[in-house]
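Everything on this sheet refers to the single structure shown next.
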Amino acid sequence: MTITISRIHALEILDSRGNPTLQVGVTLSDGSFAQAGVPSGASTGSREALELRDGDAQRYLGKGVQKALANVKNHFAPALIGKPIYDLAALDRIMLAQDGTDFKTHLGANAILGVSLALARAKGASLKKPLYAVLCPQEEYTLPVPMMNIINGGEHADNSVDIQEFMIVPAGFDRFSEALRAGSEIFHTLKKVLKEQGLNTAVGDEGGFAPDLPSNEAAFAVIMQAIERAGYRAGEQIFLAMDAAASEFYREGRYHLASEQKAYTSAEFVDYLADLCRRYPIVSIEDGLHESDWDGWQLLTQSLGERVQLVGDDLFVTNSAILQEGIDKGVANAILIKPNQIGSLSETLQTIALADAAHYAAIISHRSGETEDTTIADIAVATTATQIKTGSLCRSDRVAKYNRLLTIEDELGTRARYAAKAAFLGKIKA
């Protein structure tokens with residue numbers, strides 16, 4: 001019996017920042033039902049697919065998503081109801097054709113993605129299989145290394161720190177559950193260290209602490225203290241990573257670090273980052289330069305690419321065409337994967353496959369405005385992405401993804417392995 005789509009319903013819900021977003025539910029002809037929530041970013045790349053907002057200042061301060069909801073109801077539901085559920089990519093193509101634009105500016109990436117993810121989940125419900133097994137049926141699966149954002153700055157926090165994310169990377173363990181435990185213990189130890197220094201322990205959008213610090217380097221220093229006090233070995237069990245989000249402090253050809261009252265040329269900022277990497281066990285730098293500073297990116301890649309993971313987020317925006325441009329120019333060596341940057345599940349998977357073919361690491365990522373949806377955890381397990389960014393060890397919208405990965409590891413048993421240091425393609429010595 002062919003299982004078909006019988007109902008698609010969209011609802012305006014709130015994300016973790018209290019802003020509206022879409023939740024889409026799909027019902028199939030066999031009675032199976034699933035739903036998905038759509039995340040939203042704060043620090044966004046200029047070439048991301050369009051997140052359609054209403055712009056009505058009298059409602060949710062202009063951030064409502066009734067237009068996107070209407071597009072689900074009036075465009076996608078009529079086009080998809082009655083179609084077989086089996087070929088998810090074909091269903092995505094129907095929606096993409098209806099939109100007809102490169103950046104989903106007609107019907108909205110949030111509308112398309114909500115339906116795309118809900119369709120995939122509904123297929124899993126019908127087959128009585130977890131989403132990761134629907135996306136990639138195989139005998140063994142790899143659990144990703146988490147990149148845990150424990151100090152927030154930049155656009156993710158109201159503090160004096162320029163760099164947006166300071167992360168711990170527990171790559172020196174045998175199981176995901178062990179890595180998660182280490183991250184949790186370091187997070188709570190960091191809170192104690194900050195309190196002892198009279199610093200703020202309020203958290204930012206992604207659950208990390210947001211203290212006022214005298215410099216960006218001071219964030220690494222206090223994290224190193226927390227790692228040691230928690231009983232772990234930095235550079236062996238726990239590594240560091242950062243998301244500079246450099247596009248946010250790039251003006252008139254210079255990188256302006258307000259907390260340090262300094263401005264750098266591209267070459268000088270590459271030297272600044274290289275110096276940090278010499279003094280701290282930093283294994284990954286995301287968006288180290290402005291998204292349009294391709295010459296600077298080439299310099300950064302030449303300087304650090306052999307020993308540090310250089311991740312393009314705003315640079316590549318999960319877009320396979322832009323990633324291919326970067327591959328051709330020898331820029332970066334990894335890509336951040338955010339499904340809502342491109343706007344459909346099938347295009348997300350296509351970009352991950354391209355990265356893998358080019359030997360670029362792929363890191364699945366949340367957004368700063370999240371929901372309880374855990375789809376990205378399943379995508380990380382199903383694909384060749386060996387790392388995941390889903391925030392700190394705080395806030396249920398972040399922890400939900402970690403708990404989903406714990407559940408997957410438990411149900412797979414001996415069929416699961418942890419990516420560990422191998423996730424970084426030789427950047428960490430085993």
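Note: Cβ is positioned from N, Cα and C throughout, glycine not excepted.
According to DSSP, Lys338 ((2R)-2-phosphoglycerate binding site) is assigned to coil rather than to any helix or strand. Around the Cβ of Lys338 ((2R)-2-phosphoglycerate binding site), 24 further Cβ atoms fall within 10 Å across all displayed protein chains. Among the features that Swiss-Prot reports, (2R)-2-phosphoglycerate binding site is placed at Gln164, Lys338, Arg367, Ser368, Lys389.
The DSSP secondary structure for Glu206 (active site, proton donor) is coil. If you look up Swiss-Prot, you'll see Glu206 marked as active site, proton donor, on the strength of sequence analysis.
When secondary structure is read from DSSP and collapsed to three states, Asp243 (Mg(2+) binding site) falls in the strand class. According to Swiss-Prot, the Mg(2+) binding site annotation covers Asp243, Glu286, Asp313, on the basis of sequence analysis.
Summarising the annotation, Swiss-Prot assigns active site, proton acceptor to Lys338.
According to its DSSP assignment, Arg367 ((2R)-2-phosphoglycerate binding site) is coil. Other residues of the chain with a Cβ within 8 Å of the Cβ centroid of Asp243, Glu286, Asp313, the Mg(2+) site, are Gln164, Glu165, Met242, Ala244, Ala245, Ile285, Asp287, Val311, Asp314, Leu336, Lys389. DSSP assigns Gln164 ((2R)-2-phosphoglycerate binding site) to coil, not to a helix or a strand. In the three-state DSSP scheme, Asp313 (Mg(2+) binding site) falls into the coil class.
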